[in-house]
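As recorded in TrEMBL:
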type	residues	note
ACT_SITE	B:Glu80	active site
ACT_SITE	B:Cys143	active site
ACT_SITE	B:His167	active site
4 protein chains.
Amino acid sequence: MRMKILVTGFDPFGADKINPAIEAVKRLPAIIAGATIIKLEIPTKFNVSAQVVHTAIAAEHPDYVLNIGQAGGRFALTPERVAINLDDGRIADNAGYQPVDHTIHADGQTAYFTQLPIKAMVREIREAGIPSAVSNTAGTYVCNHIMYQVQYMRDKEFPDIKAGFMHIPFLPDQVVNRPGTPSLSLADDVKGITAAIAAIVARDGQGDIKTIEGTIA
Amino acid sequence: MRMKILVTGFDPFGADKINPAIEAVKRLPAIIAGATIIKLEIPTKFNVSAQVVHTAIAAEHPDYVLNIGQAGGRFALTPERVAINLDDGRIADNAGYQPVDHTIHADGQTAYFTQLPIKAMVREIREAGIPSAVSNTAGTYVCNHIMYQVQYMRDKEFPDIKAGFMHIPFLPDQVVNRPGTPSLSLADDVKGITAAIAAIVARDGQGDIKTIEGTIA
Amino acid sequence: MRMKILVTGFDPFGADKINPAIEAVKRLPAIIAGATIIKLEIPTKFNVSAQVVHTAIAAEHPDYVLNIGQAGGRFALTPERVAINLDDGRIADNAGYQPVDHTIHADGQTAYFTQLPIKAMVREIREAGIPSAVSNTAGTYVCNHIMYQVQYMRDKEFPDIKAGFMHIPFLPDQVVNRPGTPSLSLADDVKGITAAIAAIVARDGQGDIKTIEGTIA
Amino acid sequence: MRMKILVTGFDPFGADKINPAIEAVKRLPAIIAGATIIKLEIPTKFNVSAQVVHTAIAAEHPDYVLNIGQAGGRFALTPERVAINLDDGRIADNAGYQPVDHTIHADGQTAYFTQLPIKAMVREIREAGIPSAVSNTAGTYVCNHIMYQVQYMRDKEFPDIKAGFMHIPFLPDQVVNRPGTPSLSLADDVKGITAAIAAIVARDGQGDIKTIEGTIA
């Protein structure tokens, strides 16, 4: 049976009218490396986002979940290593909610490591000619929240899924009025996410590769 | 009785002949805001560093432990929020050891949050005229390692200590041959660390302040 | 009669196997905003580059000359304001020649301002959704050299041409092994250069627009 | 007879209440490497600044003029190579005047190169442990203006002076609310400017050294 991968993208938030995450997800092929891609737009809202993903997991029983989010200011596609049990909003979410130093789940782990082969993803994205790096923080906003929530669902309810998150930079259009800020095109986002998903499929059942991608600080 | 704070600094590593962490620690006052400062140099070695700190904690019974380390490329003094259960060396440590994706303790938590009032520390450092920000990743090298190890000691053996980590930038002298890299002077490091420790003392028993210091990504 | 615009791009230099300048120039339309585009590859060599452009100007009698070059590390398409009478190579050129503090022409002006409407170009590039900014230095390598040389030709021999230079960032593929370095896709380069040329045509005979694009330092 | 060096610093402008330029100048020794230092505060105003410097040159007959200014966002002390005949204000000056694309002097050269030994200055500053680099643009605001004006005075009226400009970064206190912006301490500014002046004295009559300090773009 075909592998199923649920890929989500957030809608626009803050001052931006567009979010490269959902735009790139919409443009992914229906099938990547033989796996069926299920696409899902999720709202940039702390609580609702998790409910929407939960419903999709319950309905679709995907093998993998890959959440995609915008990381303004980053230079590269960055698969995330870890999600932490904390909401700490720099700005309010799209529901007007701005938690400060809130624990997400009192009975959840302090953090969860991803099950995705992030180093293999980084390698494949680079081989596609797109900059990529392992990230060790998904921030403290809705992106970290959804990554944590999906891991929590895995911990408590769906032990068979493997899940993770990848951040992508601003689009060129978003940095026209943000001098000195890096960007990446939508076409390159699609190419890079496709390569990352191909790496997930290729490494299925084998764990990650052991390459030097650590960070001093 | 006087509060006791153990403050550690790493020795030089990689291409550098100096480490601002131990240099700044050496220059701290003996007493800050009424608390006794115990200074300790520790080696930039994954395993030995933790043993050295363990010995000092066992001997001194400090109320707080603050580990200081160099974060080349950062612009500000950055108290760390969380340590993760992972060693992933970009370079070998001073013992020639370079773990890749190693779990630090199989029976440790995935991550530990600091007990230090990081937002109060950031506020006090800024009020001293030094740039500061909360960081959500201590990297995957010896700095994260020691932060994690001290938390593990707290979890298993010394439940009464409160502990955490702060990264500091390169010194100006270290960036002379690294164009486009920020730095901070040793005098400002000392001023900022002193302010951070004063914040720790001032908030003792009250937890952290609730300011907006979250990170989107 | 149709306006003629000579657009040049340099070949690869230094450690790179590709130069976005010539790649983008090759992909420009044959006609932009009614003007005929004459494309020319030029070598990244201090002396030969000027001879090649001189030959093309003498043969084609273009109304405008726009030289395009790679500026690794820049975030945006940057029309240059001024060329200076100086060669000061950080690295050797493709002929192995590395001048240090050489005057280009003893009888040339200390610098020449471009005749291109750089602020109108910046505005049009941004309206195409691509980041852009006026630059006040073309460096001291072959890019500044060719910009200066074409101005010198204008000063001494071809008073009717209007000329200028635009720098473009690295391609994504070029930054895969240069972490923390911005890039722009070839498609966006082509879109941005096309918009810049449309601005040149639209402002022909009217000079530049008066927008706030100055630089404090 | 002792060599005389006129060193000027601008007063605060824009959103800042302090300008490291005048603060550093005030703290310079009275004599550096045997040369008498004459210190002068000048207003951040396009027109008045030049009158104030002109008066001081006429009164003091210095051998050298070194103007110091703040370059927010730079990482290093940057001696300037060239001043251009253009005022293009991103913001209004302290008199509320904001020229856009104005020629400074219709009978002045397009640009003037400094007479200061900028590469020797860079070398000496680095040897003092402070980051430094040659800059090829002084911007288009009051800093470039005063550098150009002093060169114009030299061209037309005071042929014996040698003159130039150096930019210095923000102070740490100025970047507390500007995350991701580099800074340098006032003590390091003073140390670096002192080293630069020592280099000026040491190279007097010999011109600059020939080191590799060019910029690709």
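Even glycines carry a Cβ here, placed using N, Cα and C.
The DSSP secondary structure for B:Cys143 (active site) is helix. Proximity to chain A (Cβ-Cβ distance under 8 Å) holds for the following active-site residues out of B:Glu80, B:Cys143, B:His167: B:Cys143, B:His167. Each residue contributes its Cα atom, and for B:Glu80 (active site) and B:His167 (active site) those atoms are 7 Å apart. The C-beta environment of B:Cys143 (active site), restricted to residues of the same chain at least 6 apart in sequence and closer than 8 Å, consists of B:Phe10, B:Asn67, B:Gly69, B:Ala71, B:Phe165, B:His167.
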